[in-house]
């Protein structure tokens with residue numbers, strides 16, 4: 001693996017932290033995977049705490065390309081253990097397919113993968129139900145990925161779902177799965193081959209039984225180890241703050257907690273164990289699917305951002321909606337998560353823009369909204385008018401820039417203004433798609 005980009009201030013960058021969390025600050029697709037990939041090179045344990053196969057990371061390692069939706073990014077580090085936490089909804093066939101991708105790169109990757117016994121099992125029936133529910137919504141569709149995430153979390157909440165630990169007691173598993181699938185057939189009028197599904201999961205149980213662990217004690221032992229020796233924990237989020245089930249633009253959200261509180265509940269760790277929280281910020285804003293988007297662009301600038309940034313979903317291939325950077329979103333996100341620093345990604349995409357705006361505030365009926373306040377209803381958000389500040393654009397190609405000081409003055413000003421408006425230092429700046437295309441910022 002290639003070496004890390006070199007510079008200093010390791011505390012803000014997460015490089016001397018024994019417990020680092022990487023979170024998305026916007027509506028997802030910020031490029032979290034690259035920073036996770038960089039930090040995973042030094043990680044001893046990499047963990048996922050939420051979501052399922054509805055969010056994707058694409059990694060390129062030693063010339064090989066991997067697309068992960070469930071596996072933690074640390075799986076490509078042959079010295080790193082990986083944990084799928086209790087907050088995740090796990091579709092086993094997808095997990096095994098992702099492990100198959102790694103066969104030539106690391107045929108024993110499964111030995112470094114551990115599954116919390118409290119993680120929820122997501123079945124094909126959940127995916128079928130997801131599609132049915134989305135179709136029923138008609139014009140009010142949320143824009144789900146139809147990966148079964150919502151229906152699985154719903155079964156978790158109504159307490160008739162199954163968990164990974166159930167695979168260790170097959171007679172009990174058979175009874176529970178039969179009851180669940182029979183309920184699905186009646187409730188949604190779908191045909192399911194229940195006995196075939198039970199048999200299939202017996203095969204999965206044989207493959208995975210050695211990797212099922214108690215997630216709470218696993219994390220606790222890792223935290224204790226990190227306090228005694230050179231042992232680093234890295235936690236990665238699926239989705240992002242503005243898609244959080246509680247704090248996002250409800251109902252156009254995902255079905256899990258994507259924010260810092262979700263780390264504690266999705267892994268079973270105390271908040272004081274977390275040392276560094278890095279928020280990943282795309283240099284502009286994108287969104288997939290439905291929902292409010294105050295800075296969305298419908299003109300040539302939006303098209304330019306989409307094409308220059310290759311803004312198409314990793315999971316669905318859907319074109320992303322594009323807009324200007326939204327500071328009210330970042331302030332709100334920071335209020336919730338308490339970021340140690342930001343990683344700004346895709347700054348290079350802004351090169352060559354003839355016009356460059358940043359939304360620095362929202363107003364409704366001529367009144368500027370309070371800092372950190374974000375409307376909780378779609379109806380109020382529809383009344384929002386972005387207040388823009390015009391920034392100086394730059395034409396230079398910055399894709400090979402290795403230090404902050406080498407950036408064009410206008411690009412430096414853009415980063416410094418973001419820091420000033422949010423109160424959060426920028427520790428990493430992405431200027432290209434590769435792992436090496438990342439500037440570590442001098443922010444002492």
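Including glycine, each Cβ sits where the backbone N, Cα and C put it.
Keep in mind it's a predicted model, so treat the numbers as computed, not measured.
Residue 31 (GTP binding site) falls outside any helix or strand according to DSSP and counts as coil. For residue 31 (GTP binding site), the same-chain residues that are 6 or more apart in sequence and have a Cβ closer than 8 Å to its Cβ are 280, 282, 345, 346, 430. The annotation GTP binding site is assigned in TrEMBL to 28-34, 56-58, 320, 346-348, 430-432.
Among the features that TrEMBL reports, IMP binding site is placed at 29, 30, 31, 32, 54, 55, 56, 57, 145, 159, 239, 254, 318.
Taken residue by residue with DSSP, residue 56 (IMP binding site) is part of neither helix nor strand, so it is coil. Counted within 10 Å of its Cβ, the other Cβ atoms near residue 56 (IMP binding site) come to 18, all protein chains included. Marked as Mg(2+) binding site by TrEMBL: 29, 56.
Here TrEMBL flags 29 as active site, proton acceptor.
If you look up TrEMBL, you'll see 57 marked as active site, proton donor.
According to DSSP, residue 156 (active site) is assigned to a helical segment. Taken from TrEMBL, the feature active site applies to 156.
What TrEMBL records for 314, 315, 316, 317, 318, 319, 320 is substrate binding site. The secondary structure of residue 320 (substrate binding site), as reduced to three states from DSSP, is coil rather than helix or strand.
Cα to Cα, residue 56 (IMP binding site) and residue 317 (substrate binding site) are separated by 11 Å.
Every protein chain shown contributes to the tally, and the Cβ of residue 320 (substrate binding site) ends up with 22 other Cβ atoms within 10 Å. Within the group of binding-site residues (28, 317, 319), the Cβ with the highest number of other Cβ atoms inside 10 Å belongs to 28.
Between residue 318 (IMP binding site) and residue 28 (GTP binding site), the C-alpha separation comes to 13 Å. When the recorded positions 34, 57, 156, 318 are scored by other C-beta atoms within 10 Å, 34 scores highest. Within 10 Å of residue 57 (active site, proton donor), judged by CA to CA distance, lie the following recorded positions from the set 34, 156, 317, 320: 34. Looking only at Cα atoms, residue 58 (GTP binding site) sits nearest to 29 among the recorded positions 29, 156, 239, 319, 320.
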